[in-house]
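Data first, discussion second: the structure below is written as structure tokens.
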Amino acid sequence: MASWNSIQLEITYRILGWIGFACWSVGGYPQVILNFRRKSVVGLSFDFVLLSLTKQSSYLIYNASLYFSSAVQKQYWEKYGSEQMIPVAVNDVAFSAHAVLMTAFVLFQIAIYERGTQKVSKIAIGIVVAVWSGAAVCVFVALPTHSWLWLINIFNSIQVCMTVVKYTPQAFLNFVRKSTDGFSLGSYLLDFSGGVTNYAQMTVLAIDQDSWVNFYGNMGKVLLSLISIFFDLVFMCQRFLLYPSKKAPIPPPPQIISKDKESLEPLLQSSSDHPLTHTV
């Protein structure tokens, strides 16, 4: 098993890992809070949330298996070399577990809050059914030969594909509505920060080990960050350039209007209520 060559780089790696974990984990809360305040989920794509749950679940299976399973780790070292470090840290496991819970809670909010005319599309339901059916088939294929590394890489590939697919409905909904209202700004800003931090963490590991195996040995994590960053930039473009929020003008307080009327009343009364009289 490989070890760190630099204590400073190891500390930097762990700090970056937890910063990324914080960004990605906290990134789910702005949407939850926004839904709660509005008591509405209009503007949030239901397909995006459903596909996200499938993505996060498959990512949790991959991370937990590679981090905790000695059988999977053994097969990883047999393929990439025993001198390589496992490319999954405890923060990856913590993040994916937290993400599953947060996404499930947003689905609960969708069930109880105002939805307007929005609903989950048949296409999204079909994708989810097809993905989990395919995953079940792969489990039965892997059982006879104990190909556990191959199996978890399937789940890693699923989460990468679902990352591409899941963002598309939200971007399309923003385009159709010509608005990003209902989709939290804080969520994708934190998601963007998490993706950048993730790349920095993997780069630190590559520098310490003088090897880039952790990039192509964990291609799912690399593509996850790349795709997330790309769509976050799309959402930023939609929010700030294409469909900026337009705030309605704030009317003056009622008391100001009433005072203005009162100040005018004496002037009006002086010309009508006291007519001029002429004496002869």
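Every residue gets a Cβ built from N, Cα and C, even glycine.
Caution: TrEMBL annotation is automatic and unverified by curators.
The transmembrane segment annotation in TrEMBL covers 15-36 (among others).
Taken from TrEMBL, the feature transmembrane segment applies to 88-111 (among others).
The transmembrane segment annotation in TrEMBL covers 123-142 (among others). Taking Cβ pairs closer than 8 Å, the transmembrane segment (123-142) reaches residues 46-47, 50-51, 54, 58, 148, 150-151, 154-155, 158, 162, 165, 169 in its own chain, all 6 or more past its ends.
When Cβ-Cβ distances below 8 Å are used as the criterion, the transmembrane segment (219-237) is approached by residues 59, 62, 87-88, 92, 153, 156-157, 159-160, 163-164, 167, 170-171, 174, 180, 183, 188-189, 191-192, 194-196, 198-199, 202 of the same chain, each at least six residues removed from its ends. Here TrEMBL flags 219-237 (among others) as transmembrane segment.
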